[in-house]
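Listed in Swiss-Prot for this protein:
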- 1-18: signal peptide (SIGNAL)
- 74-95: repeat '1' (REPEAT)
- 96-117: repeat '2' (REPEAT)
- 118-139: repeat '3' (REPEAT)
- 140-161: repeat '4' (REPEAT)
- Leu156, Arg157, Lys158, Arg159, Gly219, Glu220, Arg221, Leu222, Arg223, Gly224, Arg225, Leu226: heparin binding site (BINDING)
- 162-183: repeat '5' (REPEAT)
- 184-205: repeat '6' (REPEAT)
- 204-273: region 'Lipid-binding and lipoprotein association' (REGION)
- 206-223: repeat '7' (REPEAT)
- 224-245: repeat '8' (REPEAT)
- 261-273: region 'Specificity for association with VLDL' (REGION)
Amino acid sequence: MKALWAVLVVTLLAGCRADVQPELEMQEPALWQSGQPWELALGRFWDYLRWVQTLSDQVQEELLNSQVTQELTVLMEDTMKEVKAYKNELEEELGPVAEDTKARLSKELQGAQARLRADMEEVRNRLAHYSEEMQVMLGQSPDELRARLGSHLRKLRKRLLRDAEDLQKRLAVYKAGAREGAERGVSAIRERLGSLVEQSRVRAALTGQPLRERAQAWGERLRGRLEEVGGRARDRLDEVREQMEEVRAKVEEQAEAFQARLKGWFEPMMEDMRRQWADLIEKVQLAVGASTPVPSEDH
């Protein structure tokens with residue numbers, strides 16, 4: 001009984017695998033069939049890789065003469081050239097977007113490009129290595145080499161599919177940013193045009209007014225302008241007055257300081273001169289007194 005259940009389970013699982021696997025294989029190419037040149041080029045690379053993975057006799061023959069690796073190289077370069085062209089096209093549309101946002105998106109996109117190129121190069125290099133092993137065999141059977149290559153190719157295809165999806169998503173984000181920047185630029189132009197239309201409407205309204213009203217309007221504008229100029233002049237005059245007061249105060253302060261220094265210099269000098277003069281007078285008086293004769297008593 002247990003053996004019967006085991007057989008039924010194995011049969012169901014095999015049937016499910018048979019139903020799911022072809023569906024996955026059919027869904028994979030639809031990821032890059034939106035019509036962009038780079039997606040079409042990647043689709044050609046993918047289709048050629050699926051054909052190589054069959055390892056038919058023709059594939060074996062072309063692998064041995066390096067035709068497969070040459071064809072993969074051409075398809076890889078075509079794909080990356082189209083990716084670069086599409087990226088440059090989107091960069092031109094990213095003009096109004098902020099520079100930091102543009103730099104961040106560009107860096108992320110370059111990383112996705114590098115990963116996709118590395119995947120395709122690894123596929124090509126793996127097939128070239130298989131071709132070398134087939135030529136020398138190295139004591140291994142062809143079936144063993146084919147089985148190992150098939151396992152490697154399945155892993156590489158999964159990685160290639162994952163990185164292709166990542167690149168596709170990042171390009172979509174890049175395109176959305178370009179569209180947003182373009183819409184923002186159009187909005188700015190629309191606002192500018194609206195402002196110009198409003199100004200034209202005001203000019204037309206002023207032109208249609210009577211001459212007296214227009215003169216009054218211009219008079220009001222001129223009066224406002226004169227008041228503004230007068231206010232600025234008064235402010236400037238006040239500033240000059242304050243500066244003059246500051247200069248006057250500084251000059252007076254410096255004059256007082258200079259006067260104090262002069263007084264400090266001359267007062268000791270005058271005091272010394274007065275003292276010397278007093279000494280001189282005293283000496284003269286003494287000298288005069290000593291030289292005057294005393295009157296004689298005989299006379």
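FYI, residue positions are counted from 1 along the chain as it appears here.
Glycine is treated like the rest: Cβ placed from N, Cα and C.
Distribution of Swiss-Prot features across the structure.
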| residue | record | DSSP class |
| --- | --- | --- |
| Leu156 | heparin binding site | helix |
| Gly219 | heparin binding site | helix |
| Arg225 | heparin binding site | helix |
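For Arg225 (heparin binding site), the Cβ neighbour count at a 10 Å cut-off comes to 10, with all displayed protein chains included. Under 8 Å, Cβ to Cβ, and six or more positions away along its own chain, Leu156 (heparin binding site) finds Asp119, Glu122, Val123, Arg126. For the repeat '3' (118-139), same-chain residues at least 6 beyond its ends with a Cβ under 8 Å from one of its own Cβ atoms are 45, 49, 52, 60, 63-64, 66, 68-69, 72-73, 76, 79, 145, 149, 152-153, 156, 159-160, 163. Of all Cβ atoms in the shown protein chains, 12 besides its own fall within 10 Å of the Cβ of Lys158 (heparin binding site).
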